[in-house]
Amino acid sequence: MAVKRARGKIVRRLGINIFGNPKYTRLLGKKPAPPGKEHGVKQRAKVSVYGEQLKEKQKFRFAYGMSERQFRNLFAQAHRMKGVTGNNMLSLMERRLDNTVFRMGFAISRVQARQMVSHRYFLINGKTANIPSMRISAHDVITTKNRKGIHSIIRHNLTLSQGQRGSWLNVDEEQLSATVSELPRAQDIHPVGNIQHIVEYYSR
């Protein structure tokens, strides 16, 4: 996995629950200050423009579980595409299979979704898919393997849904499957930060 640092410290440093797991929201409620600044800190220190851009980049990179190299390559690809670079980045990140599983409500976090994909829980158009970073396409059909243990986990996760489901997905909770009705658009996505800051960061 690209992100190996302590997730609790990352969440506290960035000041937002980027991983989706409710336990990190509770952690921020108890310890809102960044690590190492727990005592006597009333508010977060002001940062430079560069520092703010870097912080926003880290929000997205950690949220989607990407290495710096993967993230830079994604920016380069988005920049080559037609349209607005920031919007293209959002769409490409949302199209990752691990994120799609998360948006389906089948996992409570992208971290869990990544593990489920790696353990071969899912099929795309009838073929086993085990690469978290692979991108889904319009009209793809994502199904789960017919195993009782897998279905039990997913049905439990569906009861814990945090309202993160993607509007571009048609989810069948009975069959535990989903169809990609269209590619995700920027207006359909609730980003974890300011995507324009990332464009500015890499355009320096």
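Each Cβ is built from the backbone N, Cα and C atoms, and glycine gets one as well.
Here's what Swiss-Prot has on this protein:
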type	residues	note
DOMAIN	95-157	domain 'S4 RNA-binding'
Per-state residue totals over the domain 'S4 RNA-binding' (95-157) - DSSP helix, strand, coil: 27 helix, 12 strand, 24 coil
Whole-number mean of pLDDT values that fall within the domain 'S4 RNA-binding' (95-157): 97
